[in-house]
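Below: the structure, in structure tokens.
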Amino acid sequence: MDSTARKQRGADKTARIPIKIVPAERLKKPEWIRIRLGAGHEAERFNEIKASLREHKLHTVCEEASCPNIHECFGKGTATFMIMGDICTRRCPFCDVGHGRPEPLNANEPQELAATIGAMRLNYVVITSVDRDDLRDGGAQHFVDCIRETRAASPKTRIEVLVPDFRGRLDVALEIFDQAPPDVMNHNLETVPRLYKQARPGADYAYSLRLLKEFKARHPDVPTKSGLMVGLGETDDEILDVLRDLRAHDVEMLTIGQYLQPSTGHLPVLRYVHPDTFKMFETEALAMGFKNAACGPMVRSSYWADQQAYGAGVV
């Protein structure tokens, strides 16, 4: 059976989560929510990158999560690579990545990833993954293998990893990352603690904060980063409380963006946050001590990650 036959998406994926999705009236998108389509050279680069990814049997979160910035990022020659397959063991109802039973790890993926990054001549890459609760280390060793192979092939390339929470395997995962820590360690809190059972079934807010703090304690020179979505029913004050928690756990880089509903089978958008409010989040974050804060309607965790890393002194 091929992966598409076993991959659940939308309503099929979220049908068995503990807190059921309650349909809401679809809000009209405001004028500041605009998806940019590439043209000319950007369109050509977009097609080149897609062809290269298929040739090397690689996945990107840009495609699998239906990111609205895919045309802009591919058009500029950047991509966020998603390792360990395209099937996730979690059923998060905000995310468009498919759920199901994953395939065994591809032992050649680290080399194939490194070859692709080298061929694309990328100065900065983001490597992320699906959740792999089926693996004893949550996939930590595969991350490290990808980091090592990429550095061997492209010594000047800076590497950011966007990792899952390694539920129940955190101590093992942290020890493995000691072998080859990334240049930036990113783990997204996604939302406020009140909404965790609804938005992140299987995850734990305090556990995610612990991951970020303990990694930083082991690697004080490696910046830590986290991201949030708005529009799921949180309040501005709750977002600011999360920012304080992140700073209390030594997180230095931040992204906040507008949640956009991938399908009617996903959590509805309950509010569109005005750009002025995003600016307020950014101002408050910098006042709290974040080295860099990217806050805006179309911001995603790895959107312009290279520029954010540059602002934090990584590149």
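Here the Cβ of each residue, glycine as well, is placed from N, Cα and C on the backbone.
According to Swiss-Prot, the features are:
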BINDING   C62, C67, C73, S302  [4Fe-4S] cluster 1 binding site
DOMAIN    74-291  domain 'Radical SAM core'
BINDING   C88, C92, C95  [4Fe-4S] cluster 2 binding site
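Between the C-alpha atoms of C95 ([4Fe-4S] cluster 2 binding site) and S302 ([4Fe-4S] cluster 1 binding site), the distance comes to 15 Å.
In the predicted model, the domain 'Radical SAM core' (74-291) shows an average pLDDT of 93.
Fewest other C-beta atoms within 10 Å: among the binding-site residues C88, C92, that description fits C92. When secondary structure is read from DSSP and collapsed to three states, C92 ([4Fe-4S] cluster 2 binding site) falls in the coil class. With respect to their backbone Cα atoms, C88 ([4Fe-4S] cluster 2 binding site) and S302 ([4Fe-4S] cluster 1 binding site) stand 19 Å from each other. It is 19 Å from the Cα atom of S302 ([4Fe-4S] cluster 1 binding site) to that of C92 ([4Fe-4S] cluster 2 binding site). Each of the binding-site residues C95, S302 was scored by the number of other CB atoms within 10 Å of its CB, and the largest score is that of S302.
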